[in-house]
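Trainee: One structure follows; several queries about it will come next.
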Amino acid sequence: MDLRLYDTLTRRKRAFTPIDPSNVRMYVCGPTVYDFAHIGNARPVIVFDVLFRLLRHLYGDDHVTYARNITDVDDKINDRAARDFPDLPLNEAIRKVTEKTAAQFQADVAALGCLPPTHQPRATEFVLPRTDGKTDMVTFIKQLIARGHAYEAGGEVLFDVRSMPDYGALSGRRLDEQKAGARVAVDAHKRNPADFVLWKLSSENEPGWDSPWGRGRPGWHIECSAMSTAYLGDVFDIHGGGLDLIFPHHENEIAQSRCAHGTHAMANYWMHNGFLQVEGEKMSKSLGNFVTINELLTTEKFGGRKWPGEVLRLNMLRTHYRQPIDWTIKALEESETILRRVCGRIKQFEYARRGMPTKERSVQLNLPPEILEALVDDLNTPLMLSRIGELSYDDAFDHALLSIGIDVLSYARWLRSQEQYASSNVDELVVARLEARMRKDFKESDRIRDELAAMGVVLKDGKDADGKPVTTWEIAR
């Protein structure tokens, strides 16, 4: 079956023809690591993980290269570091913020069932020329200047948008329609209001690198152009991200890459997922409906309970990736009901009910034609999920859900463990351990802790609002 994908640039669904079938290449914009990822950030991660899995199924695991960057240099990071660690030197504070946030991001997306990309380059590793010869940002900018597409002014290096005749093709914005101050920075040094920063100077207190234009740091857009070139080449197959990145980020990536390399394209297919709102409203901290992936997984902030990663992932995929999605408690409950029903229909669930341990599975997926037909039609996961109930043999349920990253057997085992622990004396043991700790009987406390650990119970000690010791628990996944 032929894969067809909706291409934002041509505004139509196109048959996918890779440049090199032995090395299909995809780049997706990753997180800026200044804060924990929210549920809206999870959507492109899940969507393009499904595409990564599908490409591997169609072309082979060893014939797909997927790069997703980590932006660890940004003014938001600087501000967060100064706020959270005011007593530390800024560079040290930045390192603490980015390392903690990046580690949490990796844990979150793993809990959502996402495969690690082939490459996850960090922006700070690609600012200056590298010993391995991979493309870096300073060299990229010098190339743009040499080709007449960038200029130095007011201590900055700026991209000259007039040097690219079809600038704005991705977003459909003509240069004469773009007003200064409307999503383009006002700068008296610019030749055109839409010109954007490639390099800016850093103050003594700001992070920076020595360059031909003075000590400074890269602009946002140049990072992705350099890192995608480093791992995927001048022109590659697919570039993905959220709708909010079409302008200015992806538009400017295209301009930089095409002008630096003298190519007809940066990527042959541009894919974008739709927006996410929460309970019918735009997600924002001021409305109190802002929720991170970690909060959904580990706290009772949303709906008064924790949500398994499989439920979050299924809920995301019940809506087509290009359509807007309303993230609601009701929808999550419906997704959980669907998963429970599927578990009940798989004969292997009987093994899970007997408590067999979860094992890493390497499964050669045998996808029924009707399932694959839906997936190759622009990742039509809603259609694919609607067809699961029509399948007539048990393995098909398992393989169909595995193809979109949901390990239903693992989820089934977890369900069974939850049922077992609900009827056990875990709560009593947790209370007994806490009491032993409070009376400083650490030998007894450690004994109970080890007993619970052997049962797969993970303990978390803390304090309540009044400062009193409390212990919560959960089942290890």
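Glycine too: its Cβ is placed from the backbone N, Cα and C atoms.
Copying in the features that Swiss-Prot gives for the protein in this structure:
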- C29, C224, H249, E253: Zn(2+) binding site (BINDING)
- K285: ATP binding site (BINDING)
- 31-41: motif ''HIGH' region' (MOTIF)
- 282-286: motif ''KMSKS' region' (MOTIF)
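On this model, are these features tucked inside or out on the surface, and what's nearby?
Mentor: Classification of H249 (Zn(2+) binding site) by DSSP places it within a helix.
Sequence-distant neighbours of K285 (ATP binding site) (same chain, 6+ residues apart, CB-CB distance under 8 A): none.
Look at the motif ''HIGH' region' (31-41): DSSP puts its residues at 3 helix, 2 strand, 6 coil.
Helix first, then strand, then coil: DSSP counts for the motif ''KMSKS' region' (282-286) stand at 0 helix, 1 strand, 4 coil.
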Trainee: Would you say which of the binding-site residues C29, C224, H249 has the most Cβ atoms within 10 Å of its own Cβ?
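Mentor: When each Cβ's neighbours within 10 Å are tallied, C224 tops the list.
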Trainee: Relative to the mean position of the Cβ atoms of C29, C224, H249, E253, the recorded Zn(2+) site, which additional same-chain residues have Cβ within 8 Å?
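Mentor: These residues sit around the Zn(2+) site: W220, H221, E223, S225, H239, G241, L245, H250, N252.
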Trainee: Check each residue in the chain of E253 (Zn(2+) binding site) that is at least six apart in sequence and keep those whose C-beta is under 8 Å from its C-beta; list them in sequence order.
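Mentor: Listed in sequence order: H221, C224, S225, S228, H239, M266.
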